[in-house]
Structure formats: structure tokens, C-alpha cells
Amino acid sequence: MAPLKVHGPVRMRSMQTGITKWKEGSFEIVEKDNKVSLVVHYNVGGIPKTFQLSHNIKSVTLRPNGRKLCCLMLTLKDTSFLTIDKVPLKDANEMRMYLDAVHQDRVHTAGKPSQGSGSFGGVLGSRTTQKEANRQFSYIENQAPPKRVTVESKDETPFRKVLGTPARASVKNSSGTGAPSNRVNVAASPTSSVPHRTGLLESRSEKRKRAQPPSSEMSEDYPKENDSSTNNTAMSDPAWKYLNSSREKQLKLKQEEENRTSGVLPLQSSSYYGSRSSSKEYSTSSSTLDRSSVSSQTTSAKRSLGFLSQPAPLSVKKMRSNQDYTGWNKPRVPLSTHPQQQLQGFSNLGNTCYMNAILQSLFSIQSFANDLLKQGIPWKKIPLNALIRRFAHLLAKKDVSSPEVKKELLKKVKSAISATAERFSGYMQNDAHEFLSQCLDQLKEDMEKLNKTWKSEPVPNDDSSPGRASDDLSATKVYTCPVISNLEFEVQHSIICKTCGETVTKREQFNDLSIDLPRRKKLFPSRSIQDSLDLFFRAEEIEYSCEKCNGKSAVVTHKFNRLPRVLILHLKRYSFNVALSLNHKVGQQVVIPRYLTLLSHCTESTRLPLTLGWSAHSAISRPLKASQMVNSCTISTSTPCRKGRFLRKEGLSELRSSTGRKNLNRVHVFKEDVQDINSSLQVQRGIRKSSKRSKMEGDKPELGNAGFDGMSEDELLAAVLEISKREASLSLSHDEDKPTSSPDTGFGDDEIQELPENLETMETEKPKAPLESGPANFTEITKDFDENKENKTPEGSQGEVDWLQQYDMEREREEQELQQALAQSLQEQEAREQKEDDDLKRATELSLQEFNSSLLDSVGSDEDSGNEDVLDMEYSEAEAEELKRNAETGELPHSYRLISIVSHIGSTSSSGHYISDVYDIKKQSWFTYNDLEVSRTLETTVQCDRDRSGYIFFYMHKDIFDELLETEKNAQPLSMEVGRSIRQPL
């Protein structure tokens, strides 16, 4: 016989709930309406989880687990995976046999009760005790028989589901055989006969006349017995139906009048009309609905029916029951959280949890986000597949876009990184710290390329030219690298000879620090992140050959030379066993303090983090105004400083060679109609006249009268156009950026639109308005024309028109080549996407298998970190007390505040799962990002739960943190109070 229940530790995995932890509970099989379901109960309480088994079982597996115990694993076709451990072998075998019968579609034979057969219905019937049967009979007698059962109780917890279900099955199967009634005091007895139930109808009608409780919510078992699918002749009588319907209508009207006086009319009327809509003749489909609704009634509702005077809560649940039709496990965002779209995570593209966790932690750094989006970076000038462009686009859209849109942006970010680091191109699990390092290095390279390209674009004037200050300002435009200004810091290593004291210093830049786990002492409390950091900066003795005295030993010290805004610490939790070739994760407990201090690792010359208002452009422009040139300076940017002077001939030729391709691209934006050409020629003639007047006034000493007199007309035209371009360069750059950049993000309207890759490429090159392509742009065409000696033509408009016609032919050829390249690229992209989809499916299945196996061993080792050769930090009693106090208050100088943790759940680096805990300064609350799922949490919970799995820690300088926090409090004093009440359900 298949057992009714099996007990043991339970774990589930489904699309709705994810992977749960091991909890004590039970598996219970419920059979109703020829359908079999599995109900999972937890000993700690809560809503049971129901899984349909009919036509949904994929496999059933038994795995021995000790003596006379085993583990039962059930895999469903809807990707759900259920496991119960430590089950007695006999019970597990019986349940497996029953599940195999359901899997082989033999549930009708397994569910019919017959003498001597191991029927499930017989088991359920026999498990109903006399006490429960009497209670059920007492309840049924005190309720009024309704005409129709509403679905108001579908959302209730099905604790008593088993009691009613086997009784109905037994009645239906035994009524035809005429089995004698042995248990007349049980209303739902398997051997109850039809005449006995008819007598119950009469007694219930008399009781209903004396006491009239709300029938739509208090009577639910009775219609199940009187269902039309049974052989009950009393209910098939039309006269009985008519009388019962009339009585029900009178009861409803009377109850509506009573509830109207109590102020619950809207909910009651909703319930009333809901019941009227279902008052049709009984049929097979309606009986199925009645059974499903009755089976979900709770025990508490059956025991306290006399106190249900206000049906408002049930009416609300009735509205929710329609949404819960597919099961209680379906995740549904509360209505109050819909306006808060920023509380969304990132979709897992296939083992990309490492990427999602790192991105959420980086995006939570407000100063990093501001430096990336709000300094006016010319995104149009950056290649489409550059990581910094993809990175900024995702950051700008993450709080305002749907998960589908963000999923496409995530794919683009992954593609941009995979183009440089192929190890991230597939769908295998990767290390989060490796991804972080690659991401930061690639962002710095992109900013360096941008600054180098931007440096060569404007043409500088000489010292005596008008508008020189504005041109110098444009020429020295340097964009701030978000990585350098926020995350990069500098450490000075000092090697001191122990013999003669000779000191050799070396400076090194870091984006993060990889610190060792401190050695755990069994007699002392657990070590902290502060101990690991101090361990990294401890002085150590090395073998060193001194050039001065030929000494053989020296001491190395490490001190901060420049502090970062945000300090990233990578805790080395993995140790590689060379003998076994295994990568083992050390689950040693490490205390996570709220504040760290770098006081003992700084000197008097240590530079503080950059202020929030700092920018590389302002750092260069200020000394320019005093000296009018930049000879040498040291700034925290990814590019060297730009020189203030350019040689006239060499600088011009270098500029032309570096911007030749860009000028050709700019020509694409011009229209080709004759009116625009003629208007441009007229503007050119006007510029020529004005430039001659400026020549007579002596504005350019190096282009004096003697110089112009010795020039030909072609050379004169080139010189004059060069002057006009300098005068219009600043205004042109402003006009270009103004319509395409937003003040907050720098992305224009076309960037915000989600377009395919080829459409986005075309969007960046669409023509501008004729008003924006003024004389300065036309001078660039003429300059290219003058630069190319093969294309020189005699003076006159006809020669220029011939040149434009020749350029039209070149452009048509380029467009044809572009179309061919796009077609080939699309074919390659389709093939690549198909291959990626196949790889994704295989990788997902492999990852789930590895993750399930790793969870069994994911408790974590509490052994020593294996750093036997590493000395432990020793503090005096006063120092230890001071560090302990600072960990909570941050009162010491150079303190850093915890703002994010990236944790790894699993036993090896090749499997497991990454999540991130982030402190949101705007909301002043902690959130846990688990791929697409976001939940609110507490800082103490984060510190406690991540002490064995914390992998990467983000700490922000206390002064920067306090400044950002104060800014948010002053900016939104009222909205934050409203926001807290709205976001409370999270």
C-alpha cells in the first residue's frame, strides 16, 4: 500500500520558489477527481506547496542513505525537483511504486478501492479517525446546504483536503454495489448509502429554518456529496432544485441587508454577484470546481463557522483565488511595489550570476554612477561594442526598463567583455573576482582611448589668437575615469636595508586588494576583515641585495599613498591542493565589521580620496588659466596631460592624419541637393571676405601680409578656412552635443530606444539638420579636399561640384560594401546565437546538477585557512579595544563603511551561486540581489549570514558616505517617508 505521508528533511527546486534550504517536513499524496497531487508540508508551519503529479512526473529516484534509510528524489516535467531525505526504506519503496504507477498512467487502478488491493483511496479512508469523522459530521449538520459553492475559499490552506476527498471517491464507487453502511455517524463514510444522505437533506432543511448562517461561506462539504456526478436522485429532482434556489436567494437578500448596515456592502455585493453567476445547473465541469473549492477549506474555518459575521476577508481572497489558479507557488509582485520599478534584479543568462552580483555592487556606488553618466561623455564617439558604452547604457536603463529589455542589455555587456576575454564568452560558471578585475581594467582602457581620441580632435590656436582661452579649454578636455576616481588607489612599497638603512621606494596602483584569511585560533574569537587587512600591510623581512652595502636582507613596508573613495577587498577563500589537483573552498568564519580603519597603514603624506565635485577637466583647466600652457602635471586620469603648444606644420599634418577618417565620416551627414551646396558655397565666400578683413587687421602675426602675398589662391583658401574652423570649433562642439545628450546620462533619445544592433549603428550616423552643418563642417570638407593632392581641382564652383560627384560614387561603393558586410554579419550572428542557445541549455543543466550536489556539502569548512606560514596579527589590549569600538562607530581617521558584499554559496569555484547584498543610499536600506529576485534585508542579517560565504567586500570612505547620505536626506526629505510606506511589502 502506498503510504499517505512520509516524513524527513525536505528540499524543493522550482521556477517559482528557486532552491530552498533543507527543512523538516513531509510529502503527502492527495487524490481527487482522478487527479493525483503531492502536498509538501513543513513542520514549522506555513502554506503547504502543492504539485500536480498526473501526467507531470518525469522520473522517480531512490538513493540509499544509511541503514534502512534512503533519499527519495522526484523530478517533474515542469522543471520542479523535490527531495525528501532520511525516509524509512519500506515507506520510500511503497511511495515510489505508487509514483511509478502514476507516471505510467495507471492512476485509475491505483486510486480505485477494492478488497485486497493496495488502493490509495482505501488508505486515505482508513486513516480518517473516529474523532475527525464525528467533528466533520457535526459541522455538516450545522451548516445550510447552498445551491452552489463559490470559489471564495480556493485560496485557503488545504489542511483538511484528505478528509473529504477519499470519502467522495468511495461513495461514488460503492453506491453502485450497494455496500451496507457500517458507520452511520460519519457523513463522508466510504460505505454511506444514498437513502441515508437523503435523510440528512431533510434534517438539514429543518435546521436551516431555525438557524440561517451565511451559506456561501459556511457550507462546502455538503454540495460535494450531492454532486451530479454521483447517483443521488434527490438532487436530480427539478422541483427540489427550484425550492432550494428560492430559499438561497431569500437568504442572500437578507444577509445583504444585514451587511449593508455594517458597512461591508461593496465586498458583500461582490460576493453575492459572484455566487449568482455560478447558479446554473450542476454539470461535470461545475462539480469539478466545487470539489476543488471545497478541498481547500481549512480546519480553522470548519471549527469557527459561527463567528464568521463579516465575509470581507473571504471576499478579498476570492479575488486573489483567480490569480492563484496555477498554484500557490507562483510569484506575484504586490500592487504596492509596481511603482518602485528600481527594485528589480538582472536575469540569469545561463550561469551569469557572477556577472549580476558584480554589476549590482558596482552600480550601487553612487559616485561611480555619477562619474559615468553625468559628466557629458560623448557616447556617439565611442564604438558600439565598447564596454563603457554598454556599461553606461545598462546603468541608465536598469531602474526604468522591463526585465526583457535589461536582459538584452546584459547580453551586450557580456558580449563586450567576451570580445576581450574569451573565457567569459560561454555559459560556464566563472569567478566573480576575475570578472570584476576584467571589467575594471577594460573600463579604464576604454576611457583612455576616449581621452586620446578627444585630445586629437580640436585644433589649438597660437598664443596671440583671439578666443585662445576657450580653445585651450576645449583642447584640454579630459573625461574622468570612474574607475580611477572611485576605486583606484596607490600603495608605496619601501624596501629598507637592514645593514645600512638604504631605502628604495616603489609605487603601485591597485583597483582592489586580495587579502588572506587570518589564521583561526580555537581558543580565541573569530578573526575579522580588519585582521586580514592588517595582515596584508604588515612589515615582512625578505632576501635583498643592497647596491650600497651589499647587504643580503631587508624589510618591506607597505603604506597607502593615495586613498580611494571605495575600497574593494577580495577575501581568498579558495585553496588549491596540488597533490589532489582540487580547488577547495574554505568556509572559515570571518567577522564582517561595519567600519574598517586604514589609520595604521597611512602616513602624513597620504592623499585623501578625491572629493565628489572633482573632475579631471577642472583639474587641468585651472592651471591653464594661470600659465596658459601645460608643461607637466600629475592628475588622476587614465591619460597623460595634453601639451599646451603645437608646432604649426607638424601639428597640422598630425591632426589631419589622425582625423582623416573621421572627417570622411562627417561628410556622410550632408545632404546632396543643390540648394545645400550653393548655400554652403555662399557661406564659404562670406568667410573668405571676413578672413581677409581679419588679415588686414593683423590678428594673426604668423599669417601676416607677407605670408599672404606669397601664397597662391589655393594655399590662401586653405589658410583662411583653417582660421574660420578655429573660431567655430568651440561652438560646433556645443551644438553637436546639445541635441543628442541628456543632462543626466548623456544618452539621447535614440540611445534610449531599444533597437537591434544594425539599426543602432544606422541611428548613430543619421543626418543632422542643415542648420547644424554650418560653415565649420563645410570647412572640414574643403580641408580634406586640400589635403588630398590627387583631388585638387582649379578654383571655381564647378570643380567643387565635380569633387562632390566623385565623392558620391565613393560613398555609394561604401554603402554597398556596408550592406554586404551587414548581411554577412547577420548570418554569422544567427549561427552564433543558435550555438549560444545550445551551449546555454547544456550549461544550465550541468550547473543545476553541480549546484544540487554542492548544496549537500555547502555547510562550509570551519578548519584553518591553511596559511600555516603566515604570521597572525597581534594587538595590544588597548589596540584591540579601540578597533572593536571603531568597527561600530567609525570614529578613527581614514575609516571606511561597509556598502556591499558579493557572496558565493557553494563548495567549489566551478559550481555554486553568487548573490550580492547592497546598501542603497537613496533608500537608506539593505537589499539582497539574487539574480532577478530582490528582497529587503537588515545590515545585522547580512553581517551574520555572510560570515562564511562573503567573498568580495566593498567599503566606502566614511566622509564620502556621510556626504552622499546627507545630500540624499536634504534632497528628498518627504519622498523618502512616502517611499518607505510604499515599499514596506518588500
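Don't overthink the numbers, they just go from 1 along the chain as shown.
Every residue gets a Cβ built from N, Cα and C, even glycine.
Swiss-Prot lists region 'Disordered' for one of the ranges 319-346, 683-710, namely 683-710. Per Swiss-Prot, the stretch carrying the note motif 'D-box 2' among 96-105, 576-585, 626-635, 926-935 is 96-105. Helix, strand and coil counts from DSSP across the motif 'D-box 2' (96-105) read 8 helix, 0 strand, 2 coil. Confidence in the motif 'D-box 3' (160-168), given as mean pLDDT, stands at 40.
Taken through DSSP, the motif 'D-box 1' (71-79) splits into 0 helix, 6 strand, 3 coil.
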